[in-house]
Amino acid sequence: MDIIQAIIIGIVQGLTEFLPVSSSAHLIFAQNALGVESSLAFDVFLHLGSLIAVLWFFRADIIRMIQAFLLSIGDIIQHRFKEGFYSDPYKRLVWYVIIATIPVGLVGVLFESQVESLFAGALYVPAFFLFVTGTILYLSQRMNSGEVDLSNLSLKESIFMGLGQACAILPGLSRSGTTIAAGLVIGLDKEFAAKFSFILSIPAILGAFVVQLKDIGTITDFNALAILFGFLAALISGYLAIKWLLELIQKRSLDIFAYYCWIVGIIVFMGSITHLF
């Protein structure tokens, strides 16, 4: 993989990790179109770039969540967890994120081999699920923005969004798309649904990063320059994608992404079954 290809793949990763169009599908499509196969080291640093992007964008919230978690541990030691939990929205948020991450962790562990086989399969698989992503987005935009935000978020809404994230382990189902849609279905405010979706992505991306990192010692192919440019491209484009989507969801619907998913999904699906791709 040369530097230009690395930058393209990095941009695709950064944009599609956070825009509701499925990073897994687009990485498969992009690598297929460019005729390249990314190395383990490259994948590790792409995930690191995406992780840093979301951590930096929500740094104020992350700092408050870390503080709230430590205070919550103190509450447990002092036998006043319930009192602290209901008095501080960030204490609730950090525990809700932890609990909502459990479904995707279980799916990843229990169905790892089955999911990997889908990623290694024909292009029509991610193309089909990309079309499904478009349908989920379109239907979710027909619902009015709810009133649930940080102040009144409950365990029920958190688990429902966590289940949406678990479904998105399938190639072509957008993680941000399914979680935002799940949030809207269960009554979250549109802007908060997107924000919670992004914060919920942090442990998921971190988990993928750690899983790949454990095999880093087996790497023999290491193109440092390509990895650096891919990492920077994923970081910068990921940050911009988060910023743009949060601005967009305040003013307009996400129908444009639904139409995009339908068009790309149909083109790639037809191209795959007719062996054009």
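The first residue you see is number 1, and the count goes up from there.
Positions of Cβ are set from backbone N, Cα and C atoms, glycine also.
Among the features that Swiss-Prot reports, transmembrane segment is placed at 1-21 (among others), with the record citing sequence analysis. With a threshold of 8 Å between CB atoms, the same-chain residues lying at least 6 positions outside the transmembrane segment (1-21) that come near it are 27, 30-31, 34, 36, 38-39, 42, 46, 49-50, 53-54, 130, 133, 137, 174-177, 180, 198, 201, 205, 223, 225-227, 229-242, 244-245, 254, 257, 260-261, 264.
According to Swiss-Prot, the transmembrane segment annotation covers 38-58 (among others), on the basis of sequence analysis. For the transmembrane segment (38-58), same-chain residues at least 6 beyond its ends with a Cβ under 8 Å from one of its own Cβ atoms are 1, 6, 9-10, 13-14, 17-18, 27, 31, 195, 198-199, 201-202, 205-206, 208-209, 212-213, 215-216, 218-219, 221-223, 226-228, 230-236, 238-239, 242-243.
Residues 65-66, 68-69, 72, 85, 150, 153, 155, 158-159, 161-163, 165-166, 168-169, 199-200, 202-204, 207, 211 of the same chain lie 6 or more positions beyond the ends of the transmembrane segment (93-113) yet place their CB under 8 Å from a CB of it. Per Swiss-Prot, the feature transmembrane segment maps to 93-113 (among others); the stated evidence is sequence analysis.
Look at Swiss-Prot and you will find 118-138 (among others) tagged as transmembrane segment, backed by sequence analysis.
Long-range contacts of the transmembrane segment (168-188) within the same chain: residues 16-25, 28, 104, 107-108, 111, 115, 118-119, 125-133, 136-137, 139-141, 143, 145-149, 153, 156-157, 160-161, 194, 196-198, 200-201, 204, 245, 249, 254, 257, 261, 265, each at least 6 residues beyond the stretch ends and with a Cβ under 8 Å from a Cβ of the stretch. Residues annotated as transmembrane segment in Swiss-Prot: 168-188 (among others).
Long-range contacts of the transmembrane segment (191-211) within its own chain (CB-CB distance under 8 A, at least 6 residues past either end) are made by residues 17-18, 44, 47-48, 50-51, 54-55, 57-58, 61-62, 65, 93, 97-98, 100-101, 104-105, 108, 148-150, 153, 158, 161-162, 165, 175-176, 179-180, 183-184, 242, 245-246, 249-250. What Swiss-Prot lists as transmembrane segment is 191-211 (among others), and the listing cites sequence analysis.
What Swiss-Prot records for 222-242 (among others) is transmembrane segment. Taking Cβ pairs closer than 8 Å, the transmembrane segment (222-242) reaches residues 1-3, 5-11, 13-19, 39, 41-42, 45-46, 48-50, 52-54, 56-57, 198 in its own chain, all 6 or more past its ends.
Taken from Swiss-Prot, the feature transmembrane segment applies to 256-276 (among others).
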